[in-house]
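Undergrad: Below, the features straight out of TrEMBL:
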- A:6-24: transmembrane segment (TRANSMEM)
- A:36-59: transmembrane segment (TRANSMEM)
- A:65-82: transmembrane segment (TRANSMEM)
- A:94-110: transmembrane segment (TRANSMEM)
- A:116-139: transmembrane segment (TRANSMEM)
- A:151-172: transmembrane segment (TRANSMEM)
- A:178-199: transmembrane segment (TRANSMEM)
Amino acid sequence: MNIFWLTGDLSHLAAIVILLLKIWKTRSCAGISGKGQLLFALVFTTRYLDLLTSFISLYNTSMKLIYIACSYATVYLIYMKFKATYDGNHDTFRVEFLVVPVGGLSFLINHDFSPLEILCTFSIYLESVAILPQLFMISKTGEAETITTHYLFFLGLYRALYLVNSIWRFYFEGCFDLIAVVAGVVQTILYCDFFYLYITKVLKGKKLSLPA
Amino acid sequence: KKSVLTHDEL
């Protein structure tokens, strides 16, 4: 493990916990895309099925379990406990337009044509675009709460750090996973516009609002 | 070949 890998994981964890605490403390999921959170729950579920087949380390297992538990807790808060605050009218991204093509792609391009590997590949492809319902919602409402932007920042930062980790592992460990790297590049590119707004607005104390 | 990275990475 290297510093980029570890800080990537911690950034990912920070994002998940920030979102969960935001919803819990404010007793509201206003401005959060429930569909996006359903996609992330699906991403973790399909990727971490390897918990049942292989053991890597205590760190690996516990982080995977924490990610899964937090993502399901978030979905529960949005669709059950604080359903009244869920802004469904603005959460109108058609997720089938992501899930179906990504499902097809994972059958066509993978490392091994086995159920677990296809599901894991599916999760990597899906994760790369799973933020789109949330970004779509922000573009529809034209604004985001500052705490929501912190969530998005850490979620985007995590994959960027993982890309540096991939370069590191290529040079120092000789391993390279083209699928993970290409998906990681796509994922990071999707955040670039947001990163720009975050740095130029939110970090200067302004609320993130888009021009009408 | 299995995607090694995606199983030890999160």
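Glycine too: its Cβ is placed from the backbone N, Cα and C atoms.
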Undergrad: Under 8 Å, at least three CB pairs between the transmembrane segment (A:36-59) and the transmembrane segment (A:151-172) (pairs 6 or more apart)?
TA: no
Undergrad: Below 8 angstroms Cβ to Cβ, which residues of this chain, lying six or more residues outside the transmembrane segment (A:6-24), approach it?
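TA: Distant contacts of the transmembrane segment (A:6-24): 32, 37, 63, 66-67, 70-71, 73-74, 77-78, 82, 145, 147-148, 150-155, 157-159, 161-162, 165.
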Undergrad: With pairs closer than 6 in sequence left out, are the transmembrane segment (A:116-139) and the transmembrane segment (A:178-199) joined by 3 or more CB pairs under 8 Å?
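TA: Per Cβ check, the transmembrane segment (A:178-199) touches the transmembrane segment (A:116-139).
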Undergrad: Six or more residues beyond either end and a Cβ under 8 Å away: which residues meet both conditions relative to the transmembrane segment (A:94-110)?
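TA: Residues packing against the transmembrane segment (A:94-110) from afar: 35, 38-39, 42, 117-119, 121-122, 125-126, 129-130, 132-133, 179.
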